[in-house]
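Quick notes on the structure that follows.
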Ligand SMILES: Nc1ncnc2c1ncn2[C@@H]1O[C@H](COP(=O)(O)OP(=O)(O)OP(=O)(O)O)[C@@H](O)[C@H]1O
Ligand SMILES: CC(C)(CO)[C@@H](O)C(=O)[O-]
Ligand code: BAL
């Protein structure tokens, strides 16, 4: 049985009833198979699964999609039930921020101003603040984050390490549509032609990974990825396409690397990333 709770008091009571290890999956709802994979990973690795569903106003910029973000609680509960979640915590904004917007917010450090943080100022302050609050409220042993939001996963890991938060962060590989598009709640915004244009992101990542597998160097990997992006169905506008090391520090010239991409498709901003293995330099 899946118990739905809305308030802190209800959550505290439900949490006290969970004996054994607890895995928490944080979401903004509009659940899809990517979320379901996180829930199933939690189901396998923890005795109990607690899901949070909260569209966090703190991480949205003034011109972003907070108001229009899909809210589909009934369908989300069905997904949670199917995946065997024990508790769903779906607070209101007033439940989460009873004193209004918090004046104290977590500083994500320099990486918080790069990539997603450069395009969405204040985004990671809002994300890390709500993640820490939800960790405090739910007290998990394990918490699961998708690699699709790779910079978010990296910063959550860093926060947990830097602030000694007693939880294990588990990264879950990106779930994709058969044609390569990374599942994302924002895919719901896409029209049919935009859906076709959105494939430019994953095509760029695939081309970059192929170039690295062929032994090409970092510069050529990036060039191959840019060319594949440009050759996709018109309609996607690149925000960034960057080759970094696995910690999102500036690009390595050999060994493990990460190709990260963000693009606008119409009014929708999508992100994706892939692991790249650069050949050893001669
Ligand atoms: N395709 C996916 N594969 C694996 N994990 C995912 C995928 N999509 C989302 N997640 C993870 O689910 C968690 C909740 O994400 P969220 O509710 O923001 O969904 P989303 O699809 O990323 O939404 P949005 O479209 O707003 O970015 C995050 O840890 C996120 O990385
Ligand atoms: C981690 C999160 C639930 C915080 O609001 C959100 O950023 C998300 O869904 O990835
Ligand atoms: N999926 C990460 C949360 C956000 O884009 O707002």
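Heads up, the Cβ atoms here are built off N, Cα and C, so glycines get one too.
Note that TrEMBL annotation is computational and uncurated.
TrEMBL lists 28-35, 146-149, 175, 183-186 with the feature ATP binding site. Annotation source TrEMBL lists active site, proton donor at 35. Summarising the annotation, TrEMBL assigns (R)-pantoate binding site to 59, 152. Taken from TrEMBL, the feature beta-alanine binding site covers 59.
Following the DSSP three-state reduction, the secondary structure of residue 175 (ATP binding site) is coil. Comparing Cα positions, residue 185 (ATP binding site) lies closest to 35 out of the recorded positions 35, 59, 152. Of all the recorded positions given, namely 35, 59, 152, those whose Cα is no farther than the 10 Å limit from the Cα of residue 175 (ATP binding site) are 35. Over all protein chains present, the Cβ of residue 28 (ATP binding site) has 19 other Cβ atoms lying within 10 Å. Secondary structure from DSSP puts residue 34 (ATP binding site) in a helix. The sparsest Cβ neighbourhood within 10 Å, among the listed binding-site residues (59, 152, 185), is found at 185. Residues 34, 175, 185, taken from the binding-site residues 31, 34, 59, 175, 185, are distinguished by a CB atom under 6 angstroms from ligand 1. In this structure, the CA atom of residue 35 (active site, proton donor) is 15 Å away from the CA atom of residue 152 ((R)-pantoate binding site).
Under 6 Å, Cβ to nearest atom of ligand 3: this is the test, and of the binding-site residues 31, 34, 59, 175 it is passed by 59.
The shortest Cα-Cα distance from residue 59 ((R)-pantoate binding site) to any of the binding-site residues (28, 31, 34, 147) is found for 28.
With a CB cut-off of under 6 A applied against ligand 2, the recorded positions 28, 31, 34, 35 are reduced to 28.
You'll find the Cα of residue 28 (ATP binding site) roughly 14 Å from the Cα of residue 152 ((R)-pantoate binding site). The number of other Cβ atoms within 10 Å of the Cβ belonging to residue 34 (ATP binding site), over all protein chains shown, comes to 20.
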